[in-house]
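Engineer: Starting off with a structure, shown below.
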Amino acid sequence: MTNNKVALVTGGAQGIGFKIAERLVEDGFKVAVVDFNEEGAKAAALKLSSDGTKAIAIKADVSNRDDVFNAVRQTAAQFGDFHVMVNNAGLGPTTPIDTITEEQFKTVYGVNVAGVLWGIQAAHEQFKKFNHGGKIINATSQAGVEGNPGLSLYCSTKFAVRGLTQVAAQDLASEGITVNAFAPGIVQTPMMESIAVATAEEAGKPEAWGWEQFTSQIALGRVSQPEDVSNVVSFLAGKDSDYITGQTIIVDGGMRFR
C-alpha cells in the first residue's frame, strides 16, 4: 500500500519511535528514521525497507536546530514532498528535585522541548515550500498530564510539550496544519525500564517494586506495548483526524482521567 505521503519520526531507532515508523510504512508512508544513534537508525530503516525506497536513516541531535532543519530538508529532498512530522525523541531521567544540575536541565529541556519546537518550525518550512497543509504530532506523556514523583525534569518538559502543541495548533490552523500530541503511559520500552530500575534503586528496592509503582495505577491491568501508541499516531497522521487539532490523546490504559 502507498499513499504517496512522507513522514519523519525522531527517536525512530527503537522503542515507541521504531514502532511508529513501522506503522507509518505499513500505512503507505515513506519514512525518515531520525535518531542520534546513527547505526540504530540505519538498522531500523533497513528493517523497514531493504532497498531504501520506503525508509531512510538520518542522524540528528534534536536539541540542535540546524540538525533538525537539515533532517527535514533532507527527507523532503529525498522523497519529493513532506506531510507528517512526528516529534517523538525524548529523555526520561529520574531526577529528584534537589539533585537536578544545570547541565541536566539544559540536556533534557534541549531534547524534550527545544527538539519539539525545532521540529515544528522545520516541518512548517516544508509545508510552506510545498504549498499544502500537514500534520505535526508531538510526544508528551501521562507525566505531562499529572506530575509524577521523582521525575521533575521529565514531567515539566512534557507539560511544556502540551503547551507548545496547543499554541502551534492555533498559530498554524489557518494554513491547514494540525498539531496534536500523544501521551503514552507505562510502555514496555528501554527508557521506561531505566526509569523503573532507577526508581527502585532510589528506594533501595528490587526492580519489580519499581515497575509496581507505575503499573498498579493502570485500570486495564497491563503495561502498554509500543503498538498501542503507534496505533494512535497512525490515526493522527491519517485523514480521519483532519478535524482534530491542539489535542493530547492519552494512551495509558486508564491511569489518568482528564
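For all residues, glycine too, the Cβ spot is worked out from N, Cα and C.
Quick paste of what Swiss-Prot says about this protein:
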ACT_SITE  Tyr154  active site, proton acceptor
ACT_SITE  Lys158  active site
BINDING   8-32  NAD(+) binding site
BINDING   Ser141  substrate binding site
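In terms of burial and nearby residues, how do these features look in this structure?
Structural biologist: Listed in sequence order, Leu91, Gly92, Pro93, Thr95, Val108, Asn112, Ser141, Ala143, Asn148 are the same-chain residues at least 6 apart in sequence whose CB falls under 8 Å from the CB of Tyr154 (active site, proton acceptor).
In three-state terms derived from DSSP, Lys158 (active site) belongs to a helical segment.
Secondary structure from DSSP puts Ala32 (NAD(+) binding site) in a beta strand.
Of all Cβ atoms in the protein chains displayed, 31 besides its own lie within 10 Å of the Cβ of Ser141 (substrate binding site).
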Engineer: Hey, how far is Ala32 (NAD(+) binding site) from Lys158 (active site), Cα to Cα, in Å?
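Structural biologist: Pair distance, Cα basis, whole Å: 24 Å.
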Engineer: Cα of Leu8 (NAD(+) binding site) to Cα of Lys158 (active site): how many Å, rounded?
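Structural biologist: Per the Cα atoms, Leu8 (NAD(+) binding site) and Lys158 (active site) stand 20 Å apart.
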Engineer: Looking at the binding-site residues Gly12, Ile16, Ile20, Leu24, Gly28, whose Cα is closest in space to that of Lys158 (active site)?
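Structural biologist: Looking at Cα distances from Lys158 (active site), the smallest one goes to Ile16.
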Engineer: Neighbour count, 10 Å Cβ-Cβ cut-off, for Gly28 (NAD(+) binding site): what number do you get?
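Structural biologist: Other Cβ atoms found within 10 Å: 13.
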